[in-house]
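Asks: Pulled these from TrEMBL:
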- 43-292: domain 'G-protein coupled receptors family 1 profile' (DOMAIN)
- 27-52: transmembrane segment (TRANSMEM)
- 64-84: transmembrane segment (TRANSMEM)
- 104-122: transmembrane segment (TRANSMEM)
- 142-168: transmembrane segment (TRANSMEM)
- 199-228: transmembrane segment (TRANSMEM)
- 240-263: transmembrane segment (TRANSMEM)
- 275-294: transmembrane segment (TRANSMEM)
Amino acid sequence: MALLQKNHTLSSEFIILGFGDLVELQIFFFGLFLIMYLVTLTGHTTIVLITLIDSCLQTPMYFFLRNLSTIEICYILVIVPNMLANFLCRSQQMPFLGCALQMHLFIALGGVGCFLLAMMAYDRFVAICNPLRYTVIITRALCLQMLTLACISGFALSLTLTMLIFLLPFCQSHEINHFFCDIPAVLFLACSDTRAKEIAVFPVCMLILLIPFLLILLSYAFIIAAILRMHSAEGRSKAFSTCAGHLLVSVLHYGCAIFIYIRPKSCYTPEQDKIVSLIYTNVIPMLYPMIYSLRNKEVKGALRRLLVSYNQMRQQPNVTALTVLLIMLGDDPIFYHKEAPTAIVPLSGSGRS
């Protein structure tokens with residue numbers, strides 16, 4: 001605690017340099033990433049809404065997808081607004097505790113996302129490799145337990161990692177050559193020998209990144225083997241289509257994260273890290289809804305039914321805001337149309353997705 005107080009005294013704030021060296025492109029980048037930010041928020045919010053409302057999407061796979069999208073919304077809210085503000089000025093002051101909080105939330109939400117991707121791989125493994133026992137194994141209670149475990153693990157490991165880093169003395173430059181308080185950028189400013197801390201940080205990164213990724217790869221090894229044993233070409237195509245989106249998202253997510261965080265301080269290159277982090281925090285989250293929905297007939301069908309219900313609602317006279325909400329939640333008789341979903345069923349009530 002004394003070290004933390006001393007550290008806070010030596011460095012009451014950090015300076016986030018961001019992209020101050022690209023003055024002539026600041027406005028262009030601000031507009032570009034603002035559009036990407038709005039597209040990302042819209043895409044993930046849409047997934048959350050339709051997986052909550054549509055009765056056909058009340059399966060474990062979409063339960064995890066809904067929570068993954070919720071995590072992604074919180075994740076980009078931690079990083080992107082500050083980044084956009086940084087585009088409008090050469091540098092940005094960040095309080096010591098504010099920087100620590102941003103890093104903690106960033107790591108925690110990213111860690112929860114990593115664990116959820118691993119749990120989605122397990123869900124696909126059971127659905128394809130053991131379909132007859134799917135509803136017995138993947139129950140609503142198990143899904144809630146896994147989600148709770150992911151959240152507790154993500155925030156606990158993040159708190160440990162953040163404390164390890166911010167207990168270091170920052171007695172030299174306080175200028176962070178990045179657009180947010182990222183681990184390598186902050187660790188680079190420490191003026192003491194950080195090798196011991198790096199050794200302590202590595203196992204935490206292993207638990208958050210490498211172990212879940214290896215579990216995903218192991219699950220997909222069994223999944224691919226099971227798919228190749230299928231006699232039906234239609235069954236193989238459906239199985240590959242269901243898993244392809246999740247596998248692509250996992251490779252993108254873990255690939256960038258492992259490149260940035262599983263390496264020593266001596267390999268830190270600020271400009272390269274900023275570019276990879278831009279992709280990791282802006283481009284990839286924007287692609288998630290597209291990857292999961294463009295080739296997913298169930299999601300597109302749910303969105304179509306939602307639009308049908310909304311159009312029916314607009315045609316009704318004297319529709320109030322409360323009526324709109326009731327219709328969207330499926331509590332209005334208009335909602336029970338042959339083109340619309342019938343009712344929300346329990347999570348464990350659906351077998352395969």
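Every residue, even glycine, has its Cβ placed from backbone N, Cα and C.
Note: TrEMBL annotation is automatic and uncurated.
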Asks: Tally Cβ pairs under 8 Å between the transmembrane segment (104-122) and each listed stretch (27-52, 64-84, 142-168, 199-228, 240-263), then give the stretch with the top tally.
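Replies: The stretch I would name here is 142-168.
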Asks: Could you give the residue numbers and ranges of same-chain residues that sit at least 6 residues beyond the transmembrane segment (64-84) on either side and whose C-beta is under 8 angstroms from one of its C-beta atoms?
Replies: 16, 18, 30, 33-34, 37, 40-41, 44-45, 47-48, 51-52, 92, 94, 102, 105-106, 109-110, 112-113, 116-117, 119-120, 123, 143, 147, 179-180, 281-282, 285, 288-289, 292
Asks: Given a Cβ distance threshold of under 8 angstroms, which distant residues of the chain, six or more beyond its ends, lie next to the transmembrane segment (199-228)?
Replies: 107, 110-111, 114-115, 117-118, 121-122, 124-125, 128-129, 153-154, 157, 160-161, 164-165, 183, 187, 236, 239-240, 243, 247, 250, 254, 257-258, 261-262
